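These features come from TrEMBL:
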- 297-499: domain 'Major facilitator superfamily (MFS) profile' (DOMAIN)
- 95-116: transmembrane segment (TRANSMEM)
- 136-158: transmembrane segment (TRANSMEM)
- 165-188: transmembrane segment (TRANSMEM)
- 194-217: transmembrane segment (TRANSMEM)
- 224-242: transmembrane segment (TRANSMEM)
- 254-276: transmembrane segment (TRANSMEM)
- 297-320: transmembrane segment (TRANSMEM)
- 332-350: transmembrane segment (TRANSMEM)
- 362-381: transmembrane segment (TRANSMEM)
- 401-423: transmembrane segment (TRANSMEM)
- 435-457: transmembrane segment (TRANSMEM)
- 463-485: transmembrane segment (TRANSMEM)
Amino acid sequence: MTHEQNGSKPGLTRSESHISRVNTFPSVEFSIPSSVTPHNVVSKCSSHPNPCGDCPAEMHPQTNEKIAGATGDEEAQSRVDSNGEAEYPEGGLKAWLVVLGSFFGTIVSLGMMNTVGIFQNYISQHQLKDYNESTVGWIFGVYVFLSFFCGLQIGPIFDAHGPRLLIIAGSILTSASMLLLGVCTQYWHFMLVFGVVGGLGTSLLFTPAFGAVSHFFFLKRGNATGVAAAGGSIGGVVFPLMLQKLFPMVGFAWATRIMGFVFIFCCMVAICLIRSRLPPKEGQSVMPDLRIFRDRSYLLLTVGMYFMEWGLFVPITYLTSFATSTGAISPAFSYQLVAIMNAGSCLGRWAPGHFADRFGRFNSMIAALALCTATTFTLWLPASVLTPSTPQEATTIKALTIVYTIIFGFASGSNISLTPVCIGQLCETNEYGRYYATCYTVVSFGTLTGIPIAGSLSQATGGHYYGVVVWTGLCYVVSLGCFIASRAHRVGFELAVKF
């Protein structure tokens, strides 16, 4: 292991312990058994002691390292070496099949999350046209809130029982939500079907999907997580284009039913491929603990993530409505903007994760936030202020909106995929679940209120969106400042430090 700041800090070792706790992803903790098979392992994590001090050992045929005696458990393919370092496969057929299953799982879960702008625009103009933007926005605020907040309890269930039951439950709820959406006519129908059922289903899908990926990767976790998260961007490209064609052809009800059938297919693939590698573990608690906010770096990170999530879902939700309101962009092309944004986000979810493993997770996250901030103020804000009184101004608005959509889509792709590994930079590996749970308990309330606040700003400015744009940009300014301060508190302002 090197001494570079590129992973979780080593935790305390206890020779008398029989298991060591290893954390991976949102609200997920698990144990590495003392007896495991030795094949297909590469990377090491220095924060996990060898719990098998009295176990008989044998020599690895290639590395001549001592390894624990093996059991017949196929799920336990990790081991601890003579230095007490837990090792991860970092690849292999089984590992990449899990990534593929998670990719299909995020097509449904995060793809649905990335398509909320299409539903918001259509519903507010048709079924709920008598309600204002802020009131309709609460439906999608509740959806995003539950998608993140419910991970607090889903993580321990994942630890105790593995991903299979959670993936099945999430598949049923998300598919049912989309199949039932077509029969909704009243406000409470949409709140229950999309906001509550859809939010619960999304959380049940993507939390264990990412957690299972983290069972197989440590050094390459950012890259593998980025590949899995790219499924959400693929869904965010396909679903808006599909709905744009289906709404006028077959109507809202059948368009959402067809989308529900696509969900069922993707969920079946996810159910078949997603597996955990480590044995289930009972009794692990990851309840929030406010005492850890005494760590100023962690406190600043949490505040930064709160403002980032406050701003992130505003463009995702309101970009289509904004484009339609300008008069310079046709309604048909307004729907395509969500697909364009997610096309950029597809690359943006993988590339930052790849570079984060090489150059530092905080470094990559700060660069992405800076790009989000710059594009919001230099591209989206001018487009929201201009009026298409001449053909040239209409062309300028359209060009600014398209360029913003592409660049912001790329830059914001890391906003979800990199935040968990940034949390891991600030805590011992065996405390990760507690740190993540505490952070997202706070952050999830930002996702609840961000969309309705943006709707109120649009309403207060007479249907214009410059207030929404300024709100988004300011959220990113605060988030960027907090991430820089959090990093500086640990490693200073030296840019060359990998962190």
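The backbone N, Cα and C atoms fix where each Cβ goes, and this holds for glycine too.
Note: TrEMBL annotation is automatic and uncurated.
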| query | By a Cβ-Cβ criterion of under 8 Å, what residues six or more beyond either terminus of the transmembrane segment (297-320) are in contact with it? | reply | 113-114, 116-118, 120-121, 137, 140, 144, 148, 334-335, 337-338, 341, 369, 372, 376, 380, 401, 405, 408, 412, 415-416, 419, 422-423, 426-427, 435, 438-439, 442-447, 449-451, 453-455, 458, 465, 468, 471-476, 478-483, 485-487, 489-490
| field | Stretch of maximal Cβ-Cβ contact with the transmembrane segment (332-350) [cut-off: under 8 Å; candidates 95-116, 224-242, 254-276] | value | 224-242
| Counting Cβ pairs under 8 Å that sit 6 or more residues apart, are there three or more between the transmembrane segment (435-457) and the transmembrane segment (254-276)? | no
| Where among 194-217, 224-242, 463-485 do we find the most Cβ pairs under 8 Å to the transmembrane segment (95-116)? | 224-242
| query | Hey, which bits of the same chain come close to the transmembrane segment (194-217), Cβ under 8 Å, at least six residues off its ends? | reply | 24-28, 30, 43, 88-92, 94-95, 98-99, 101-102, 105-106, 108-110, 112-113, 119, 138-151, 154-155, 158, 163, 166-167, 169-178, 180-181, 184, 223-225, 228-229, 232, 267, 270, 274-278, 420
| query | Tell me, what is the mean pLDDT of the domain 'Major facilitator superfamily (MFS) profile' (297-499)? | reply | 85
